[in-house]
Amino acid sequence: PPPANVGRAPGPPDGGWGWVVVFGAFISIGFAYAFPKGIAIFFKEIQDFFDTSYSEIAWVSSIMLATTYGAGPISSILVNRYGSRPVVIFGGLLCGIGMVSAAFCTSILQLYICVGFITGFGLALNLQPSVIIIGKYFLKRRPIANGLAMAGSPVMLCTLAPLNQFLFDNFGWRGSFLILGAILLNCCVAGALFRPIGAATVSVKSQVTEEGKDALKEEFTKNAMEMSSPTNIPMENKIEEEGEKDCCEKINQYLDFSLFKHRGFLIYLIGNVLMFLGFFAPIVFLAPYAKHIGIDEYSAAFLLSILAIVDMIARPTTGIIANSKWVRPRIQYFFSFAIAFNGTCHLLCPLASGYTGLVVYSVFFGLAFGMVCAMLFETLMDLVGAARFTSAVGLVTIAECCTILLGPPIGGTLIDTFGDYKYMFIKCGAVMVLAGTFLFIMNYYNYRMLAKEEKERKAKQEDPKSVRTENEGRNNWNKETAQDGPELEPLKEKQEGLKKEVNGT
């Protein structure tokens, strides 16, 4: 057997190389979240080049976002099988290939495939492993590490928006896509920083597992030779049943479908699916809207930078407020307010006629967007608990990718139909206000039901009458048994005689 200290799993270092890993996660997460929003700078020019409608060009971002969210469970399975480093490196290669291929596209359908599916899937392979690797390197300082890594999203958006406009002015959209493909290859460098932790433990465990398998195989072969063929048949059926059981357990490990019986999870799922119908469309169409009302390209791109800067400040601030003793016990209400506040900003956006009004809108939009993003996963963990959180995230992202896919194209259809952007903002605002109101009312109902169930459970435990009734019933049963004892004595003697005869035979 191996020494005791060799097989022991090393604890998270909470520092050291872990900070380099955080820097790599900062890059990967930043590109995964910010790139689908920053690429909207090119939409107006691509739309004119291919002579397409607003709804058709909006499918590019929609497919990319939906693929990034929907491929989350696939990314988790690959990380569990191969580790974070190779998955992120492969994802970076896919991102680069997708954007370089998009530079040579001759139709909008080819853009859907190259930018939407290939690049979106590459971004999905960057996002999930980056979150997982931080949990392996940090325990006590994990909130700080996660906060620094998640800050990559607004920082990258703040940088990409003016950079994309600069690239377009100098190289056109095709040249810009080539350069962006090369920039996205930095995700491979970020993945190379994700050094595996606890490799020695894995090798020892695998060695012990292989030795155990060999011993079991020898024992099984020996037993099979001693047993007759009719006895082997049920043994083989048992092995097949165990194999099927293992397969079901592996599927259930990633997607726990029993969550659909969880009241709080269903409330969260319905509210978020409705919310994402209007969550990303305003970001996608903000810069094109500014250009539409006569604002120059760099000022339009700067609106996204303003949104990202405010978002950068809003996320940690919201986390501190949500962690306070006043908000933490009822964080679901705070999350509902953030969604409704986001929708109110969109409803008031059509009132902003000039650049100053759009700057004010971008500030409040960045604040509301940061509040929602900061609590998006925290509220889910508050409902289902840490043990079922991984499965819950997988199921939520699969359900959300449908409305993420449809949100921007529906907004584009409204722009094409009415020839005005204000109807798109009104639609997004109304949907989000409705989602926030739904979550507020249903969470109030959920809190009331949880309090009622807890009260009934305590009353059942502390009620002396029910305990006394159970004890009396048990005593009566014992008395009846004792009274029936002499009557059943002849039957017992007869039963003992039969046992003796059987043993003699």
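Cβ atoms here come from the backbone N, Cα and C positions, even for glycine.
As given in TrEMBL:
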- 16-36: transmembrane segment (TRANSMEM)
- 18-447: domain 'Major facilitator superfamily (MFS) profile' (DOMAIN)
- 57-78: transmembrane segment (TRANSMEM)
- 90-123: transmembrane segment (TRANSMEM)
- 144-163: transmembrane segment (TRANSMEM)
- 175-194: transmembrane segment (TRANSMEM)
- 265-286: transmembrane segment (TRANSMEM)
- 298-314: transmembrane segment (TRANSMEM)
- 334-353: transmembrane segment (TRANSMEM)
- 359-377: transmembrane segment (TRANSMEM)
- 389-411: transmembrane segment (TRANSMEM)
- 423-445: transmembrane segment (TRANSMEM)
- 454-505: region 'Disordered' (REGION)
- 454-473: compositional bias 'Basic and acidic residues' (COMPBIAS)
- 489-505: compositional bias 'Basic and acidic residues' (COMPBIAS)
Two-stretch contact, the transmembrane segment (90-123) and the transmembrane segment (144-163), at least three Cβ pairs under 8 Å: no
Beyond the flanks of the transmembrane segment (423-445) by 6 or more, those residues with Cβ under 8 Å of it: 267-268, 270-272, 274-275, 277-279, 281-282, 285, 332-333, 335-350, 407, 410-412, 414-415, 417
Segment-level pLDDT (mean, integer) for the domain 'Major facilitator superfamily (MFS) profile' (18-447): 79
Best-contacting stretch, by C-beta pairs under 8 Å, relative to the transmembrane segment (298-314) and drawn from 16-36, 144-163, 265-286, 359-377, 389-411: 359-377
The transmembrane segment (175-194) touching the transmembrane segment (265-286) per 3+ Cβ pairs under 8 Å rule: no
